[in-house]
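According to TrEMBL:
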TRANSMEM  22-42  transmembrane segment
DOMAIN    33-274  domain 'G-protein coupled receptors family 1 profile'
TRANSMEM  49-68  transmembrane segment
TRANSMEM  102-128  transmembrane segment
TRANSMEM  140-162  transmembrane segment
TRANSMEM  168-192  transmembrane segment
TRANSMEM  213-235  transmembrane segment
TRANSMEM  255-276  transmembrane segment
Amino acid sequence: KNISDFSLNVTDCTQVVVPEEVFFTVAAAGILENLLVLIAVIRNKNLHLPMYFFICSLAISDMLGSLYKTLENIFIILCKMGFLTRRGDFEKKLDDAMDSMFILSLLGSIFSLLAIAADRYITIFYALRYHNIMTLRRALVILAIIWTVCAGSSIAIALFSYEAATVIPFTILFPLMMFFILCLYVHMFLLARSHAKKIASLPTSTVHQRTNMKGAITLTIFLGVFLCCWAPFVLHILLARFCPHNPYCACYMSIFHVNGTLIMCNAIIDPMIFAFRSPELRSTFKKMFCCAR
């Protein structure tokens, strides 16, 4: 709030405000869509595979992001109505809890995308040994480690968010992980053709390779959507910490609400990608809706 007020004094940029109704609608849609993905995977035993478990992890991260923005708007409304104060001890703890949820959502999304990328990489380049390398038990252990690390990191970052030593590693992690995933993509697409030639003699090699490349393309779409939706907000965090008094930085920070809406849009788009790119999920959704009717 202080940064927003200051930006109006040093720039001519008017702060862009997104109506609360839009926030609640987009957040509710994101939560419901990702909940449908979780229910579909739980109900269909054919989807009890490492890849879909990693997708469920990404869905949970998206739900946390939407839930964070929903709770934040509810508390803002309560502050405006006078039920909460902006500087109280209870409100400070509440704010730290919500910040922790937001960071958990971001870290969970990054590491879930990384797990999906690694899974696709193994599927393409170690196709014959995939089921020995990526077992269901191993996937669950990986997810347990991911969420334990993310939960601990989110609490630590939320408690020490005012320290530069905390903000800098957090913001560096974002481009670093994206660069690592991008390297996996480049390696996958450059060597996929030569790998396909090596296994061309296998009976189902063509179909299997096509399926794996389709999974890699889906993951590329995930990454593109994630960058478009989260990068503006991460940039906002950097500018708010290191150049809050600069007119150009303050002008960019005037679209804070728009950046928050983009985060929630990510939670809506991801399940749509699942539905359109996965025949098994499409079939499960149809059965769910038919049973409901």
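The count begins at 1 with the first shown residue.
Cβ atoms are placed via backbone N, Cα and C, with glycine included.
Taking residue pairs at least 6 apart in sequence, the transmembrane segment (49-68) and the transmembrane segment (140-162) share three or more C-beta contacts under 8 angstroms. Only pairs six or more apart in sequence are counted, and the transmembrane segment (22-42) with the transmembrane segment (255-276) gives three or more Cβ pairs under 8 Å, enough to call it a contact. The list of residues near the transmembrane segment (49-68) in space but at least 6 beyond its ends in sequence, with Cβ under 8 angstroms from a Cβ of it, reads 26-28, 30-31, 34-35, 37-38, 41, 98, 101-102, 104-106, 108-109, 112-113, 115-116, 119-120, 123, 134-136, 138-140, 143, 146-147, 215, 222, 263-264, 266-267, 270-271, 274.
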